[in-house]
Each structure stands twice: as C-alpha cells, then as structure tokens.
Amino acid sequence: MARYIFITGGVVSSLGKGIAAATLAALLQARGYRVRLRKLDPYLNVDPGTMSPYQHGEVFVTDDGAETDLDLGHYERFTGHSANSQDNITTGRIYRNIIERERRGDYLGATVQVIPHVTDEIKRFITTGNEEFDFILCEIGGTVGDIEAMPFLEAIRQLHNELPRQSVIYVHLTLMPYISSVGELKTKPTQHSVKELQSIGISPDILLVRADRPIPETERCKLSLFCNVRPSAVIQALNMPTIYDVPMAYHKEGLDSEVLCAFGIDPTPKPKMDRWEDITYRIHHLEGEVTIAVVGKYTGLKDAYKSLIEAIAHGGLANKVKVNIEWIEAELFEKEDPASYLQKVHGILVPGAFGARGAEGKIQAIQFARERKVPFLGICFGMQLACIEVARNIAKIENASSSEFCETKNPIVGLMTEWLKEDVLEKRAKCGNLGGTMRLGAFAAELKEGSHIAKIYGMTRILERHRHRYEVNVDYKDKLEQCGLIFSGMSPDGVLPEAIEYADHPWFIGVQYHPELKSRPFDPHPLFSSFIEATVEQSRLV
C-alpha cells in the first residue's frame with residue numbers, strides 16, 4: 001500500500017520545495033523504498049509549454065513528450081527515475097478534463113462545482129497508478145494562502161480522512177528570516193503560515209525550516225509549541241553550497257527518520273548513503289576550473305536554463321573541474337565584437353530558444369567558435385543557427401535564414417509539418433495552435449559510424465528528448481556537407497537532421513535534441529562530459 005507525503009510551502013515562494021521533495025525521495029530511496037514524485041501546479045495554463053521562460057523558467061520535457069515543471073528535472077536527477085506525463089498536472093488541465101466530461105454528460109446533469117468535482121479530479125490524479133510504489137511525494141505549487149492553491153489543499157485535506165490511518169503526512173517548508181538589526185531569527189512568519197494551513201484543516205506533521213544560519217534550540221521549541229508539532233519534527237534546512245549537498249544535510253538533521261516515525265514505521269531500514277557521500281566529496285575536491293560562455297536569450301533568469309546548468313556541472317564533475325559560466329545576452333553581439341568577450345573562454349555553448357531576437361548575435365558567437373577552434377556545443381536552436389552560419393559564411397548561400405524569422409528564398413531551417421512518432425505520422429498546420437504541437441519527447445537518432453559524436457556515445461543508435469517546431473532543411477544537406485559540415489546524426493527515416501560536426505575542428509558539435517534533460521549527477525551525459533573535457537584541453541592553450 002502506498003503512503004502519501006504532501007509538501008507545501010509558506011511565507012514566500014521559491015523556497016525550494018522541489019529540491020526538498022527530491023531530497024526526501026532520494027533519502028527514502030536510499031533506505032530501499034520505491035518512490036514516485038508528482039507536482040501539482042495551481043496555474044490555469046494546461047501546461048507550461050507556451051509560457052514565457054521569464055514567467056515560468058525551464059520547460060522540462062519527459063520521455064513521453066509532456067511539457068512539465070522544471071521541478072521534475074530535480075526529481076529525475078536526484079532519484080534517477082524518469083518522470084512521465086502523469087507526474088505533473090495543472091489547474092488548467094484539471095478544468096479541461098472536467099469541462100470535457102461535463103460536455104459528454106458524464107455528470108448526469110449535476111451542477112459542476114469546485115467541491116466535489118474539482119477536488120475529486122485532483123484526488124484521482126494523486127492516487128492513480130501508484131500500485132508499484134511505497135511512497136508518493138506530491139509537491140503543491142505556490143504558497144499557502146494563494147487563492148489558486150485552495151482546491152489542491154482541500155483535496156489533500158480530504159485524502160487524510162479517506163485513506164487508511166497513517167497513510168498521509170504533511171511536510172511544510174517555511175522560512176525563518178534573520179533580522180540583522182536585532183540579530184535574531186524570527187519565528188512569527190512560520191507561525192502565521194502554519195496557522196493559515198491549520199485554518200483549512202491541515203496540520204503539518206513536519207516543519208522544514210529554511211534559514212541562513214543554525215536555528216537555536218529555544219527557537220525550535222518555540223516553533224514546536226506554537227505550530228503543534230513535535231520538537232524533533234522541526235527540521236532546520238540551512239543554505240548549502242550546492243543542491244547536491246542537501247541530501248546529506250537533511251539526512252544528518254533526521255528528516256527521513258522523522259518521516260518514517262510519522263508513518264509509524266519501526267524498525268526502519270538502514271540507509272545506504274554511499275553515493276551521496278561520494279558526490280558531495282567530489283564536488284568539494286575538484287582539481288581545476290574552466291570557463292565557458294553560454295550565449296543565450298533568457299540569461300536574465302537562470303531558471304530558464306536549469307537543466308543545462310546542472311548538466312554542465314555534471315560534466316565538470318566527470319572531469320574533476322569546476323565550470324564557471326559566463327552568461328552573455330546574445331543581442332550584445334549584434335552591436336559589439338564577440339572577440340573581446342569570447343577570446344578568454346574555454347568553450348562556447350548556444351542553447352535552445354525560439355524566435356528571431358538574439359539569433360544574429362548567436363550566429364556571431366558560432367562563427368567565432370568555428371574560426372578560432374574553440375570547443376562549441378549547439379543545442380536545438382544552437383544547431384540550427386550553426387547550419388545557417390556555414391550556409392552564409394562558407395557556402396555563400398544568399399539570404400540563408402530560418403522561416404521562423406522571415407520569408408526567405410533559402411530557408412536553411414524550416415517548419416516541420418510532419419514527423420514520425422512510434423511509427424505514427426504526426427502532422428501540424430502552419431496556422432495551428434502552439435500548445436503541445438511540437439516534436440516532443442524521446443525520439444531515436446542514427447549516428448554516423450566513425451563520427452566524433454558516435455565515439456562520444458560509444459554507439460550509433462541513441463534515444464534523446466526533443467522539443468522543437470523547426471528543423472534543419474534536409475534539402476541543403478549536400479551543399480553544406482561540401483563545405484565541411486558533417487551531418488553525423490539523422491532520424492531513422494533519414495529525413496530529420498539530428499547532429500552535426502566538423503572533422504577539422506577539435507570539438508564542434510550541434511544536436512537538435514536536448515541532452516541536458518537526461519544528465520544525472522551520478523551519470524553525466526556523455527556529450528557534456530566530452531565537451532567539458534575539450535574545454536579542459538582548451539584551457540591549456542589559452
């Protein structure tokens with residue numbers, strides 16, 4: 001029988017509920033339990049696929065093609081288990097499901113209301129498909145007190161009474177701010193947050209309290225008294241140097257032990273923390289450092305590149321180096337010479353994006369990497385622009401561009417109108433909806449025997465996650481290959497380019513997919529490991 005852990009947040013947003021949920025799942029996993037993580041988002045969008053990166057941050061894509069919250073990336077990286085479309089739901093998706101049922105007449109003429117229909121739909125999502133797991137951890141997005149979150153909180157309140165005894169606990173993540181003028185950590189914000197939670201019928205079993213310094217025992221006892229939790233269930237969650245330090249820190253604070261105690265599990269399995277001890281040791285015993293430039297479009301919000309940042313760090317771990325990232329807004333290179341910004345970096349990475357803004361600046365960065373023999377990795381949009389760069393500067397194709405930017409006689413990159421998914425032809429009209437209409441999820445690619453990328457992978461058939469609406473136009477393949485560009489990866493049907501490289505460049509690779517989505521701290525993606533290895537070599541030349 002599955003047990004349920006609901007993680008809520010209070011006081012302020014962005015406290016790290018996703019990291020807390022992923023950490024707790026990893027700790028339970030270390031004790032031999034089977035865990036599943038789910039995220040419930042209160043916004044009305046059906047999914048984050050059409051949301052601005054500045055509003056939402058990264059859109060994390062699962063193998064089955066779901067566009068989900070970035071916290072699912074943390075879930076995968078901490079547990080090693082792949083998420084799917086049933087691990088993230090939004091208010092928009094819930095309402096869409098309910099309205100579809102109402103139109104079909106499934107409610108038999110009943111007045112459709114938030115209670116019971118919306119709450120029942122939420123409960124159905126939470127409790128479905130959990131037969132193979134010991135613990136289901138559900139993170140409730142937003143902050144307690146937000147009007148959007150009320151149906152979710154009501155649903156998890158109801159589940160406490162509907163499921164067997166000792167099947168549900170609540171973990172509340174909160175903040176204990178330090179007031180420098182008086183030199184004290186303050187408990188009052190947490191007290192009020194818990195009071196708000198209790199007013200809707202939920203009493204937290206465990207308080208996970210964020211703080212930037214150790215919490216005195218007197219303040220813990222105060223929280224215990226006023227928030228109605230055991231003193232041992234007030235767990236301090238101190239700021240850590242990296243997110244991969246968090247599991248060991250929470251374990252030492254007794255979070256996993258307290259959770260098992262709340263469920264009445266005794267005796268508890270002994271945890272095997274070897275791999276977390278190893279990863280924290282390696283993080284703090286690096287032997288050098290390199291610097292790479294990420295030339296992007298959304299550099300003002302690092303959450304837009306969350307998986308990319310982590311994958312770069314994983315590549316650094318694999319090479320025992322710290323990787324410093326120089327964030328460069330691509331539009332800068334449309335006004336200034338990129339050389340002054342890029343001549344001292346050891347690698348250049350152009351990540352995925354949409355739209356024309358910043359594209360010309362990225363092309364300038366790609367040209368610099370190609371001509372100066374600087375290690376280069378282009379992801380999705382980055383690969384497309386690398387093809388436009390060679391078309392313009394070597395093949396001399398007039399007006400070479402992308403149909404995403406403008407009408408052009410030479411669309412090196414064009415809109416995909418059809419592609420194969422699991423042997424089924426999917427089609428898209430140019431004037432169709434944007435949401436959920438891209439090439440999404442895991443697709444196979446065939447790598448050219450003997451190519452650089454095939455050697456990196458150690459195989460010629462790979463399965464990687466995609467999220468794109470445009471694709472390099474295969475009609476220009478021969479002309480670009482005559483200029484030295486190698487199409488080293490193609491879709492199995494030979495229609496869609498998946499990877500490019502140069503034979504005469506020490507490390508220049510572009511891929512249409514998103515390798516960062518499958519990188520793990522314990523299993524770094526081979527492309528990032530190899531890319532950072534190349535930057536280490538480059539650092540010896542600069």
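Positions of Cβ are set from backbone N, Cα and C atoms, glycine also.
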Candidate sharing the ATP site with Ser14, Leu15, Gly16, Lys17, Gly18, Ile19 (per Swiss-Prot), from Asp63, Asp64, Asp69, Asp71: Asp71
Where Lys186 (UTP binding site) sits in the secondary structure, as DSSP reduces it to three classes: coil
Which binding-site residues sit within 10 Å of Asp71 (ATP binding site) - Cα, from Tyr54, Lys186, Thr190, Gly382, Glu404: none
Binding-site residues compared (Ser13, Thr187, Thr190, Gln191, Gln384) - highest count of Cβ atoms within 10 Å: Gln384
Local Cβ density at Lys17 (ATP binding site) - other Cβ atoms counted within 10 Å: 24
Among Gly16, Gly18, Pro189, Gly382 [binding-site residues], residue with fewest other Cβ within 10 Å: Pro189
Across the domain 'Glutamine amidotransferase type-1' (291-541), average pLDDT on the 0 to 100 scale: 92
